[in-house]
Amino acid sequence: MNDPSTLLILAVLIASTATHVSSDASNHRYKEADPVPLYANKVGPFHNPSETYRYFDLPFCVPDHVKEKKEALGEVLNGDRLVSAPYKLNFRDERTSAVVCKKTLNKEEVAQFRSAIDKDYYFQMYYDDLPIWGFIGKVDKEGKADPSEYKYLLYKHIQFDVLYNKDRVIEVSVRMDPHLLLDLTEDKEVDAEFLYTVKWKETDTPFEKRMEKYSSSSSLPHHLEIHWFSIINSCVTVLLLTGFLATILMRVLKNDFVKYAQDEEAADDQEETGWKYIHGDVFRYPKFKSLFAAALGSGTQLFILTVFIFILALVGVFYPYNRGALFTALVVIYALTSGIAGYTATSFYSQLEGKNWVRNLLLTGCLFCGPLFLTFCFLNTVAIVYSATAALPFGTIVVIVLIWTLVTSPLLVLGGIAGKNSKAEFQAPCRTTKYPREIPQLPWYRSALPQMAMAGFLPFSAIYIELYYIFASVWGHRIYTIYSILFIVFIILLIVTAFITVALTYFQLAAEDHEWWWRSFLCGGSTGLFIYAYCLYYYYARSDMSGFMQTSFFFGYMACICYGFFLMLGTVGFRASLFFVRHIYRSIKCE
């Protein structure tokens with residue numbers, strides 16, 4: 001079950017199934033006057049992407065029979081709550097100023113709309129599975145210096161412009177009539193008449209290319225120039241760094257090998273210095289080896305998960321507005337790869353001569369899921385208090401618990417049993433002495449925190465330009481589609497992380513400090529801390545997010561993502577360092 005090719009095929013099947021569930025409507029061909037599915041999705045403050053509410057939480061015109069659309073797991077996780085909209089947009093059926101409804105808005109409803117207009121609320125709908133957005137109103141500030149003089153105006157006429165090709169819907173957009181406005185500045189009852197217009201126009205655009213409009217924004221020439229500048233900047237950084245480090249390490253190691261070879265030929269009583277001096281301690285197992293093995297297991301699982309997500313992205317599963325496909329893929333692939341975490345953790349724990357493999361397996365299962373679950377519980381409670389669509393329904397929580405109980409946990413246990421029975425031995429080129437040598441007093445800049453700062457800064461500098469676009473997509477309304485560039489940046493990140501960790505491990509061993517295991521993991525993972533520091537900068541300097549709910553969602557979920565990066569890159573750093581340390585100690589003769 002843990003064969004990577006099997007996992008990838010399963011993931012593609014499940015993600016594409018979720019994809020097709022949400023896009024069934026888009027496969028329909030229509031005759032004239034056929035009803036085309038139109039669903040109202042959600043409303044919310046434009047600058048707070050996590051704070052969204054059901055469409056009819058605002059006192060819009062409600063249709064006679066409100067029908068909820070059944071949604072896939074990923075769509076629910078994405079905060080989508082589709083219900084039938086009050087507008088009739090039958091195929092090629094034009095309407096001019098058709099009345100949706102006439103209603104009297106009481107004081108509470110007027111205040112509700114006014115508050116929404118003040119917070120810059122937008123609405124989102126789906127017509128034949130194509131997304132539509134529009135603002136619900138505007139604040140008139142022209143020539144008014146005092147905020148108490150502002151006018152709050154609600155749009156009451158919406159125009160749908162639909163492009164079609166033969167019997168297919170190709171594109172849809174909305175315009176709000178700037179002349180038909182409802183003044184909601186004062187707290188009093190208001191009579192409102194809501195209208196809509198539908199215009200149809202033929203186009204030559206083929207049905208297969210109708211989603212290209214949404215991905216074109218991230219492929220505009222100036223965006224691509226910045227992306228390629230980011231790539232070139234990262235590549236130059238990598239080439240300079242790797243070239244510099246490789247040259248230094250090769251020359252230093254060559255000198256070390258020559259020196260140690262001469263020492264062996266000279267008198268045996270000559271005292272050894274440098275990294276050869278600690279050959280009896282360098283493979284001494286680390287403290288808290290159960291935690292260390294669990295961190296390696298979790299990091300390996302997250303690395304495999306990331307690679308699979310990239311493969312799905314590169315084959316085109318995550319096209320724009322394929323609602324919830326990414327969330328579905330994350331949940332499913334994480335569940336299916338849990339066996340890898342169990343196998344890696346218990347296998348390595350057994351190599352370190354650990355005895356309590358069951359406790360190690362429990363620790364592995366909880367190391368990433370535990371903090372994620374606690375964060376989810378807190379943020380879901382916040383969403384429930386706010387009555388936001390980010391609050392998961394009870395049924396969805398049950399589905400996730402079942403996936404964790406029936407898929408994740410059994411695979412974790414099976415992987416753990418396989419790892420325990422693998423009988424792999426830790427291949428140390430040198431014998432470990434009975435008693436550890438004392439580590440000499442080292443300057444402050446050789447301690448863990450300064451080394452982590454050095455190790456994290458270079459990989460972060462190679463990716464920070466691309467980070468802005470990812471944040472603007474995840475925590476904003478931009479669309480990110482250039483996954484090939486992102487994959488190149490990811491490869492660069494891995495290379496820089498491995499090289500900088502290896503270099504710092506060498507300098508640590510040369511200073512006769514043999515406790516390199518945890519240090520290499522912490523140095524490798526420190527980029528995750530830099531990404532979280534970037535979150536602070538992005539929130540306060542680059543975004544307009546506000547409010548307790550949005551702030552807690554942003555920092556809560558970004559903490560989980562950065563922690564995942566910490567585990568994944570820590571694993572990469574340690575594996576690279578372990579390969580390097582084994583290589584150099586295998587190359588010399590150790591008594």
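Positions of Cβ are set from backbone N, Cα and C atoms, glycine also.
In TrEMBL this protein carries:
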type	residues	note
SIGNAL	1-23	signal peptide
TRANSMEM	226-249	transmembrane segment
TRANSMEM	291-319	transmembrane segment
TRANSMEM	325-349	transmembrane segment
TRANSMEM	361-386	transmembrane segment
TRANSMEM	392-414	transmembrane segment
TRANSMEM	452-471	transmembrane segment
TRANSMEM	483-509	transmembrane segment
TRANSMEM	521-541	transmembrane segment
TRANSMEM	553-581	transmembrane segment
Stretch-level contact, the transmembrane segment (325-349) and the transmembrane segment (226-249), CB cutoff 8 A, at least 3 pairs:
no
Give me the stretch from 226-249, 361-386, 392-414, 521-541 with the greatest number of Cβ pairs under 8 Å to the transmembrane segment (291-319).
361-386
Maximum Cβ pairs under 8 Å to the transmembrane segment (521-541) - stretch from the list 361-386, 483-509, 553-581:
553-581
